């Protein structure tokens, strides 16, 4: 395996040389013998910020690959005493061992199935960053994390979560769905709902404290508390979202059922079960903004700053976003300028989920009226 050295954050690591694994002058990280994806740098950068707020002492990086996450956590997060690295690939293990030596990291390295190591160890923070769906690792993650600890989950299989593939959504996440206009947000709510259900199996409550969508993936951080009653409380906030494909009217219910649109009589599309609560803790958002000023060395600093600023505004509005280019044609109107609709609604914002989406807690009729007058 030919290697090249790269720098990310404060870590210098060896990774497979992309030039050696190109196909027709193209390269995909999955083609290399050990996975390293530079497009996930922002994901890792925000994770470093988040961990500097929660200050875990012991971290499990269950799907380590090159070891970049765990190494960065050890070097860039205050208070980390030990990182547990794990990967099923023997080539990855050799690379991890080399990289932790280069970076003087204190940790243990295991060559096991991710679920196996998660059932063996306990940690303050468990990181699940798979190639594809995190679903097979959720239950073990919540078993591994201590009560009062945190779990970070990445999902890249958005075709399942946004319901481009109904069968994948049902198979991986036990979600019954149609694709809705606000699919990018309902997808992350579906992921959160699945995590809440898995945590409840081991009588733990997985409370989402910070979530975001970027590029082609979701990232969600959960605070994990113990107790069946707390788990039950979260389960009671799972719903099915309904949307009329003809007029755009939406509704929600704790039940999955055939619903006829009360506005136009069309059969409504559905998605669920999905989390209907907050997907951000506002206090956590403020702490991340405060923490960011100490990390101006990050190459993604400006992008993160813009993302967090937008999230801090849209966090005021709990309901999923309205997609203007979905609703406007159904009113036989051109898509109005987003800023004008926001100004008309007064209590509304843009959203990081969709460039033509708006977040508001105003009702459907008020949104329709503001689209019509603009």
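In case you wondered, yes, glycine gets a Cβ from its N, Cα and C as well.
Whatever TrEMBL says is automated annotation, not expert-curated.
Annotation comment: TrEMBL describes 44, 69, 87, 113, 114 as S-adenosyl-L-methionine binding site. Here TrEMBL flags 244, 247, 261, 264 as Zn(2+) binding site.
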Have a look at the binding-site residues 44, 69, 87, 113, 114 and say which one has the shortest Cα distance to residue 247 (Zn(2+) binding site).
-> 44
Taking the residues the record says bind S-adenosyl-L-methionine (44, 69, 87, 113, 114), how far apart in Å are the two Cα atoms that sit farthest from each other?
-> 22
If you count the C-beta atoms lying within 10 Å of each candidate's C-beta, which of the binding-site residues 244, 247, 261, 264 ends up with the smallest number?
-> 264
Express the distance between the Cα positions of residue 264 (Zn(2+) binding site) and residue 69 (S-adenosyl-L-methionine binding site) as a whole number of Å.
-> 51
For residue 244 (Zn(2+) binding site) and residue 87 (S-adenosyl-L-methionine binding site), the CA-to-CA distance in whole Å is 45
Cα of residue 261 (Zn(2+) binding site) to Cα of residue 44 (S-adenosyl-L-methionine binding site), in Å and rounded, measures 43
Please name the residue among the binding-site residues 87, 113 whose C-beta has the most neighbouring C-beta atoms within 10 angstroms.
-> 87
Name the secondary structure element type, per DSSP in three states, that contains residue 264 (Zn(2+) binding site).
-> coil
Once the chains shown are all counted, how many other Cβ atoms turn up within 10 Å of the Cβ of residue 44 (S-adenosyl-L-methionine binding site)?
-> 23
Most crowded position, judged by CB atoms within 10 A, among 69, 114 as binding-site residues | 69
Based on DSSP, name the secondary structure state of residue 247 (Zn(2+) binding site): helix, strand or coil.
-> coil
